[in-house]
């Protein structure tokens, strides 16, 4: 029960006026980011990150995580009111949310979504509270080989469970690794892949890649699709809200199932997008009212929302305890931790318990604040979204360009971000998943160091990756995950190949 | 001018394969073998480059197989990636951004963003001149206050603002 005492210490850190203000500000910024298409959670956190370099790490991480919660909630607002997901992970919410809103029950749909999302998020945070120090203690025994095995498992699960083309996932991930190796090699001090270009010696920042791929790429895509917001009017009546909140416990079976799916997909790097789709599909299959899904069925809102948010918060568990982010946004935050001079992973729990438990405590507070604020600001954002995208788009573009510049005060980074924007646009259209790219970019150096150190200790023999039960099990699991696409192809006899395309679209935009 | 999805798939895969080849080549400059103190710096990137080429080749094969299968079902080219009109929309949105970056590199970010917003509102969104001008100035002013005053992150000023004594 040591965790409980530490959590209380964490609350003492998080519950200051200063930090509460930061949470409110972060959630509001996150709502803006989540509501506006073209600005997603990974991109929003990247844009804000350079501004936190001068803050103390606890305030900075509270700001960024609060923004993350806000973005997760904000994405659902547009899904329900406008049938346009503000975040990739809220695509599944449109299936039943928008039909219910069109039947004149927008307030009920929104309240159901936010309440179940809040329950999902709190479940996720509870899982983090209970498991994180245990996982971290376990991971203290890890050597270089074990670390490489964990990275290997994380990346293999992307390829094995991506749902889209495993080749595209592989290419996206390896391009991320290649981008991470540009610059000075940390072990030998030689410059790599810079081709005598001075601008590349400092390496390519993952923030630039995220701003380009997720920000500018998404903007180009939204522009091309000719976005128009034709929304449902939402009038929020306090009695309707109260009745909808009271309705939520009735869906306990869906809640539990979805929260479990979400936690699992969040801890393994499946991410919130995959979790919400899986939860919706399973809900349709197992719910007694499954045949009403897609026509404005409340359970069809509860299922993806709960899973989306529990996955979103659980994605922070492996980031904190192992140093392996469970989603693209978590990857960006982990990059932030490293910039602030903290090394995420098991040691963080013993070196900076105030940071870890302050953060975990702030997650409880941040989500409660997010539920309240998101309900309060629905009319405001519904109003903002009536502005045409030809006006909103350029404003977001300016934010992205400035964001790219502020990463290191180089104009070269702006050009790089524009390049990544085109890549992101083409990749998204062709269903290349972008999350593995970002993960590989953030983890590239660490994975390479772990690999090289392990090979050094074993004198170049790959047998070290199977030298004890722990590392062999992890490598075995990784290999099994890698072979999943082949196995499923063999089982299906190759006849289901075209169906994969439909499944690939949401994953490719994975948050 | 229509670009089919399978053509684009193959073009993108060729591009990624080319990047993979560049990565492999760059890695050989650092040495990809085992030196006296373990793997040389190019060892890891070299295999990363190889995997990029492998994945790209896989995508090409997959696309060709699907195209062969799809032809029987939907006729010649299958799904469209982009048609002329959509391409024009995207280019019309993207070129001004490139222009903004070029102007910003020369005259500073504030002037770049001001001109860009004015252009986007006046020409692309079709607002009248005065509202466009006021909005552009407002965007510049808000960004100036946020970055220079609130967060103390100086943005690129360029020669014009410096001539007015704003650093």
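In case you wondered, yes, glycine gets a Cβ from its N, Cα and C as well.
The domain 'DUF112' feature in TrEMBL is assigned to A:20-439.
Residues or ranges marked as transmembrane segment in TrEMBL: A:20-40 (among others). Within the chain, the transmembrane segment (A:20-40) has long-range Cβ neighbours (under 8 A, six or more residues past its boundaries) at 47-48, 59, 62-75, 77-78, 84-88, 214-215, 218-219, 222, 227, 362, 365-366, 369-370, 373-374, 377, 381, 384-385, 389, 392-393, 396, 399, 511.
Here the transmembrane segment (A:47-69) has Cβ contacts under 8 Å with residues 13-14, 18-19, 22-27, 29-30, 33, 39, 41, 121, 207, 211, 215, 312, 316, 329, 332-333, 335-337, 339-342, 354-355, 358-359, 362-363, 366-367, 369-370, 399-400, 403, 406-407 of the same chain, all six or more residues outside its ends. For A:47-69 (among others), the entry in TrEMBL reads transmembrane segment.
According to TrEMBL, the feature transmembrane segment maps to A:109-131 (among others).
The transmembrane segment annotation in TrEMBL covers A:138-161 (among others).
TrEMBL lists A:167-188 (among others) with the feature transmembrane segment.
The annotation transmembrane segment is assigned in TrEMBL to A:200-221 (among others).
Sequence-distant contacts of the transmembrane segment (A:259-282) (same chain, six or more residues past either end, CB-CB distance under 8 Å): 72, 88-93, 95, 119-120, 123-124, 127, 154, 157-158, 161, 163, 293, 300, 303-315, 317-318, 324-328, 435, 439, 506-507, 509-511. Residues annotated as transmembrane segment in TrEMBL: A:259-282 (among others).
Positions annotated as transmembrane segment by TrEMBL: A:319-343 (among others).
Sequence annotations record features per position, and here TrEMBL assigns transmembrane segment to A:355-382 (among others).
Annotation source TrEMBL lists transmembrane segment at A:389-408 (among others).
Within the chain carrying the transmembrane segment (A:465-491), a Cβ under 8 angstroms from the stretch's Cβ atoms is held by residues 141, 145-146, 148-150, 152-153, 155-157, 159-161, 166, 454, 458, 497, all 6 or more beyond its ends. Residues annotated as transmembrane segment in TrEMBL: A:465-491 (among others).
Tallying C-beta pairs under 8 angstroms between the transmembrane segment (A:109-131) and each of A:138-161, A:200-221, A:319-343, A:355-382, A:389-408 places A:355-382 first.
Residues 41-42, 45-46, 49, 52-53, 57, 60-61, 64-65, 68, 71, 128, 131-133, 135-136, 139, 150-151, 154, 206-207, 210, 214, 266-272, 311-312, 349, 352, 355-356, 359, 434-435, 438-439, 441-443, 446, 510-511 of the same chain, all 6+ positions outside the transmembrane segment (A:319-343), place their C-beta atoms under 8 angstroms from a C-beta of that stretch.
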